[in-house]
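Peer 1: Have a look at this one before I ask anything.
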Amino acid sequence: MGLPALEFSDCCLDSPHFRETLKSHEAELDKTNKFIKELIKDGKSLISALKNLSSAKRKFADSLNEFKFQCIGDAETDDEMCIARSLQEFATVLRNLEDERIRMIENASEVLITPLEKFRKEQIGAAKEAKKKYDKETEKYCGILEKHLNLSSKKKESQLQEADSQVDLVRQHFYEVSLEYVFKVQEVQERKMFEFVEPLLAFLQGLFTFYHHGYELAKDFGDFKTQLTISIQNTRNRFEGTRSEVESLMKKMKENPLEHKTISPYTMEGYLYVQEKRHFGTSWVKHYCTYQRDSKQITMVPFDQKSGGKGGEDESVTLKSCTRRKTDSIEKRFCFDVEAVDRPGVITMQALSEEDRRLWMEAMDGREPVYNSNKDSQSEGTAQLDSIGFSIIRKCIHAVETRGINEQGLYRIVGVNSRVQKLLSVLMDPKTASETETDICAEWEIKTITSALKTYLRMLPGPLMMYQFQRSFIKAAKLENQESRVSEIHSLVHRLPEKNRQMLQLLMNHLANVANNHKQNLMTVANLGVVFGPTLLRPQEETVAAIMDIKFQNIVIEILIENHEKIFNTVPEMPLTNAQLHLSRKKSSDSKPPSCSERPLTLFHTVQSTEKQEQRNSIINSSLESVSSNPNSILNSSSSLQPNRNSSDPDLNVVKPTRPNSLTPFRKAKALYACKAEHDSELSFTAGTVFDNVHPSQEPGWLEGTLNGKTGLIPENYVEFL
């Protein structure tokens, strides 16, 4: 189980649970900082003492093996699991090299020590400075608040108003500092996943260069190194998208915190001062209180933010009545009396402000609680999954596949908003929408059409894959092996309403067609997942935890694209039993590392958009499909119409897709991705490798070429000709 997410909404409440969660994150940062310092010390010893090389390397390896990454959230992606176990892999390599006493690494200080010191000083150091500022503001706010609440109600009204204004300013400043500190802690926790591992990877690569006897070990390490490089790059790409989402949410919280309060299971919660009678008089003790209207239960937890700990035992009582305390009956302001069924006497409580007292009074009087439900950030326009909606999507797809399937950055680059809205107004006009044979005019740019398609999906009343299935899809993406993920997602797709499933099939067929042309448009399956995942699977409540799950939303879309024929054209199998699921996971854990046939490195990098929503993006793709009022008439094609197996329209022309003609022989070609050979007849290579005498092979999808005097097979979609 990883570290719990720090929600910005909790900064306002500043509850004991929030403080405990924050402490766990701080402890993890301290642990990381201490580990990095020790790692740097060990590295310097390794450089300076050749005679102690063996013992220094063993200690270094042991340190790596003992450290465990803690990720935010309750599950890890395959890339994160790869990165998390990388330290153990590094330790194994170092132990194998212990007996080989050869030269010291000349550039170890530059590739290992400097980046780690930079990360510790710039990132962890900045987090420590933010903590000092946060602790200082906490003490300042609590002190001023206590002083303010102790003001006598008999003072002049002008003095009281001035004091109220001062407290409001301090409270707002404390809230902003709290948000900034939480944001910095989250950022450092995410950054360490790649900025901390990359220097170690570079250091190991240097060892392989200088150690003659490490040559064979370096070859064995190559598979994991390639997988780790891909995982680091994918994790970095996801971090950039996630960081922008979290930063945007933080800015929203700063501008209007009440609009984004988390929906609480309690009717009311917050800090109250409770009057307690002592033998020497009375005192006011700070409590964090919660109230549940249905059960009428009030829970009081004595807690002081300055000390960061409980001041006694929790107490729960059942509410009998609640009465506002008149100002002239007590010297304290904002007070009210509570009578309990299971406790004699009256409990006098002091709220933090007049507004706070009003909210507590309303909650305890049984009136409706004041909640600010999270509003869906998408527009709820007139978009529907009706014949007009299918017609719009079909026209957009037809225009993309006939005019712009090879445009670089397809669906990633956004169009001008005014043009997009104008095109949508034309397409959504019932008069033009009913004209099914009318194509989109050539005057509209492809980026305008793709943006219109995505915008229309965002205008639907809810995401295409529905709020109620969002968590189920995420859980499916978190399963331990690919077979289980595909099976569970297959089953979930067939639980969607008919029109949702038809539209999703339309989009996935189109996305697969786009991905098949990734060599021209640079939109791989992974890139399409990043673009479309957050829209098709957006959560109902926008929280930090939900943003952290975006990477799993992307994985769901990747699975849908890669397995669209199976998922949409076959009936899902019966769910696996526990024994079968256990066996499936065991097989997965015993499987070999991924080969070059699996997902390559991402080629297309994120284009910065001026529209916040384009950072999250939407998934709207389909092959050219015609969807009429008959739900069974879904047509798929890349350049011409092909009927669905359930279609009964006799007038459709069937054109089967054909492979391109044989390639003309070329003498040189360059590798776009790295690849590990699985058979003796294949070549292993890295990205950028140049091959000679490349020509078509007898094997479909393969070329034949020469590298370093050896002739072998090369995957056709892994190279470009020079």
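Placed from the backbone N, Cα and C atoms, the Cβ positions cover glycine too.
Quick paste of what TrEMBL says about this protein:
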COMPBIAS  624-647  compositional bias 'Low complexity'
DOMAIN    265-369  domain 'PH'
DOMAIN    383-568  domain 'Rho-GAP'
DOMAIN    664-722  domain 'SH3'
REGION    624-661  region 'Disordered'
Peer 1: For a three-state summary based on DSSP, what are the helix, strand and coil counts in the domain 'PH' (265-369)?
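Peer 2: Counting residues by DSSP class gives 14 helix, 57 strand, 34 coil.
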Peer 1: Could you give the mean pLDDT over the domain 'SH3' (664-722), rounded to a whole number?
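Peer 2: Taking every residue of the domain 'SH3' (664-722) together, the mean pLDDT is 80.
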Peer 1: DSSP-wise, what's the residue breakdown of the domain 'SH3' (664-722) into helix, strand and coil?
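Peer 2: Residue counts for the domain 'SH3' (664-722) by secondary structure: 3 helix, 29 strand, 27 coil.
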